[in-house]
Amino acid sequence: MSWGTELWDQFDNLEKHTQWGIDILEKYIKFVKERTEIELSYAKQLRNLSKKYQPKKNSKEEEEYRYTACKAFLSTLNEMNDYAGQHEVISENMTSQITVELARYVQELKQERKSHFHDGRKAQQHIETCWKQLESSKRRFERDCKEADRAQQYFEKMDADINVTKADVEKARQQAQMRHQMAEDSKADYSSILQKFNHEQHEYYHTHIPNIFQKIQEMEERRIVRIGESVKTYAELDRQVIPIIGKCLDGIVKAAESIDPKNDSQLAIEAYKSGFEPPGDIEFEDYTQPMKRTVSDNSLSNSRGESKSELKFGGKSKGKLWPFIKKNKLMSLLTSPHQPPPPPPASASPSAVPNGPQSPKQQKEPLSHRFNEFMTSKPKIHCFRSLKRGLSLKLGATPEDFSNLPPEQRRKKLQQKVDELNKEIQKEMDQRDAITKMKDVYLKNPQMGDPASLDHKLAEVSQNIEKLRLEAQKFEAWLAEVEGRLPARSEQARRQSGMYDVQNPPAVNSCAQDRESPDGSYTEEQSQESEVKVLATDFDDEFDDEESLPAIGTCKALYTFEGQNEGTISVVEGETVYVIEEDKGDGWTRIRRNEDEEGYVPTSYVEVYLDKNAKGAKTYI
């Protein structure tokens, strides 16, 4: 089966067919190219998707990935990133092994096809030229034969006419002979050209065209084979990444199988466990005895004068209600104080009492009286306001010993801090060792450097190590205290930590008396102090209007007050300042000297002039 013998007369159709084959090859190249673009786009989208859901560094999300379910999700993201990489490999391999190679082959194919059809057209033009020569010699031979025939007829006519002279007859005879000779020459020439044409035609149809068509056939078959190889390569390139993609999917399955709900539950306990015990039972209060109530050991209104054997608010290993204070607003309202503000100091120099006036003791009213008043009047939330005020002043920043946290969370934070300090100490020690070795090298080889130049750096590193060790010992002591290995710190140790500024006035029974000074200090026992500190943010939802208070009037200092406690502000006798919060019943007024100076002064130390048009201002007669 050969195109040269079977398709010897289909030159034009073969030209169209081979061009169609090249078009098919270019179409396949375009298909593969678009497939590579899709693979790249898909890989890019997968990578962006994986990156989008990756946990952000140094954020809360990083802590969440301690849970096995989150770890499985993170493993899925990482595997999808590798999965995307395999699609990039497919794209790269298809581009280099199919698209580029086929594009180069198409250019070569076009050149080869052009060369073959050029040879075919050349042979075709040659046979057409031979055919034209044959036709020309044939027409000449025919013309000469006709001329010779006419000349012969004219001679015979002249020879038969008796009236024609002999010379004319002779001339006609010679003319006839010449025409016959020319016809014979044309015949010979035509015969020769005919033989030559037949030879050329035989060569054309049996040698030249078959050879050219055979080459075109081989070229076309190579093109078909190349397409088949490319299709096979197309599939193999996909098949090559299947094992790796399978490993990615196996990794996802393995991550899913590693999810441990029990472990996640334990991690949740470690993350949120406060270490407090649930509140104990509330004892029955007998109201059959008038004006006398049985004080519950677990009541929020326990007096600080009670013995330590009794249950106290915030006491260690006792029932505690303060973590739920937002949920027990009724109890707080029922225990809010009902007493007049403290009287002005008797001395003309009230600055001698730097901590301000103390509120007198007052026995608590029966619970039924408080409840009736609560039901028949507006709730008095100044206790909440003052409590929030003290807490916000005292907890403006996180305490160094994390005493604002529940015991278990505090232990974890302290342990984390100790580990960080130990790492820093080890880093500084490695640096010290390196400097020491360098100094030894300088001592042995003075030309390399001056050993004395390293003394300052060595002393600085040693000093840093000593500071870090002291810091680590401080946190280890706090950690040991939390874990129960050491006794509770003394009041002096608490003051050294810089986070406790506590006064100890006589025990009283009201909420206002519990927070005698506006700096938020509480007069509970030292063991209770760290537990009573509730983050001020717990109250922000209820009292957002406490921020950036506007001036509601002015006041004039009647006496000089030296504000030595945190949250208070000093005033000089006769000084006029702005009032931004009036006395809420606790004996303190909040004032502002300028944008950066504000605080509390005893109400009895100033004369207040409220603006009647100010929001929330009261009218005094």
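Every residue, even glycine, has its Cβ placed from backbone N, Cα and C.
All TrEMBL annotations are machine predictions without curation.
The shown structure was predicted, so the numbers you read here are calculated from the model rather than taken from an experiment.
According to TrEMBL:
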COILED    411-438  coiled coil
COMPBIAS  338-347  compositional bias 'Pro residues'
DOMAIN    1-264  domain 'F-BAR'
DOMAIN    404-481  domain 'REM-1'
REGION    293-316  region 'Disordered'
REGION    333-366  region 'Disordered'
REGION    490-530  region 'Disordered'
Beyond the flanks of the coiled coil (411-438) by 6 or more, those residues with Cβ under 8 Å of it: 270, 275, 401-402, 405, 449, 454, 457-458, 461-462, 464-465, 468-469, 471-472, 475-476, 478-479, 482-483
Counts of helix, strand and coil residues, the domain 'REM-1' (404-481), according to DSSP: 72 helix, 0 strand, 6 coil
Per-region confidence, the domain 'REM-1' (404-481) (mean pLDDT, whole number): 87
